[in-house]
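Engineer: When I checked Swiss-Prot for this same protein, it listed these features:
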| type | residues | note |
| --- | --- | --- |
| ACT_SITE | His116 | active site, proton donor/acceptor |
| ACT_SITE | Lys142 | active site, schiff-base intermediate with substrate |
| BINDING | Glu29, Phe30, Arg31, Arg56, Arg180, Ser200, Gln204 | 3-dehydroquinate binding site |
Amino acid sequence: MICIPIIDNTVEKALISAKEALKYGDIVEFRLDLLDNLTKFDIEKFAKIPSIITIRANWEGGAWKESNNKRIEFLKHAIKHGAKFIDVELKEEKNLELVTYRNEIGSKTKIIVSYHDFEKTPEINELIDVVEKELKIGDIAKFATFSNSKKDVLKILEVMNKYPGDIIAIGMGESGKLTRILGLRFGSILTFASMKGKSSAPGQIDVTKLKEILNLIE
């Protein structure tokens with residue numbers, strides 16, 4: 001599965017971008033923390049589209065400036081209205097509250113629990129510890145760490161390979177591009193690619209180019 005991040009700053013632009021992106025990818029990620037004047041009604045629109053709903057906290061590299069309680073309520077609203085996936089941080093104290101709410105209302109939303117390190121890739125045992133903690137909370141574990149070397153790439157791929165079908169793992173940065181290309185073969189449920197000029201993280205590959213590469217190595 002190829003996921004294309006939507007990083008526009010208005011609801012109208014985001015919906016237009018998503019329609020275009022789904023011509024190339026299988027799913028989109030709505031970065032709702034980047035939007036101006038987000039409402040629950042807007043979330044209902046986004047939840048109807050095959051997507052990951054992400055409202056990234058500012059303490060995890062995101063742009064959310066309002067209260068955390070409002071952020072959690074918006075994520076619950078996405079669950080209530082049938083979003084395919086939501087993404088919540090491992091460090092978010094209320095992540096289990098979202099899982100409990102999902103279970104109570106019988107929603108089919110899958111919950112991705114995520115971890116980010118924008119400077120380095122931790123050692124394998126640390127990454128495994130992160131993934132195990134995430135899987136005790138949600139349905140899918142995700143980590144995105146900055147890859148500074150080929151060794152970091154190998155660490156990421158090795159951990160991916162231990163959790164096929166239950167993980168999304170990404171090496172950010174130039175050397176991490178290999179994880180975006182090989183991730184699907186090593187067990188990641190999806191890989192991220194960008195529309196031209198709209199990257200949400202360092203090292204993201206243009207979706208057209210990524211599809212060409214994936215076709216070559218199939």
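The backbone N, Cα and C atoms fix where each Cβ goes, glycine too.
Looking at the shown structure, what environment does each listed feature sit in?
Structural biologist: His116 (active site, proton donor/acceptor) counts 20 other C-beta atoms within 10 Å of its own C-beta, drawing on all protein chains shown.
Counting only same-chain residues at least 6 apart in sequence, those with a Cβ under 8 Å from the Cβ of Lys142 (active site, schiff-base intermediate with substrate) are Asp87, Ile112, Val113, Ser114, Tyr115, Glu134, Ile167, Ile168, Ala169, Ile170.
Non-local neighbourhood of Phe30 (3-dehydroquinate binding site): Ile6, Ala14, Ala18, Phe46, Ile49, Ser51, Ile52, Ile53, Thr54, each in the same chain, at least six residues away, with C-beta under 8 Å from its C-beta. Taken residue by residue with DSSP, Phe30 (3-dehydroquinate binding site) is part of a strand.
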Engineer: Per DSSP, Arg180 (3-dehydroquinate binding site) is which: helix, strand or coil?
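Structural biologist: It is helical.
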Engineer: Within 10 Å of the Cβ of Arg180 (3-dehydroquinate binding site), how many other Cβ atoms can you find? Include all protein chains, please.
Structural biologist: 24
Engineer: Say you check the Cα of His116 (active site, proton donor/acceptor) against those of the binding-site residues Glu29, Arg56, Arg180, Gln204; which is nearest?
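Structural biologist: If we rank Glu29, Arg56, Arg180, Gln204 by Cα distance to His116 (active site, proton donor/acceptor), first place goes to Arg56.
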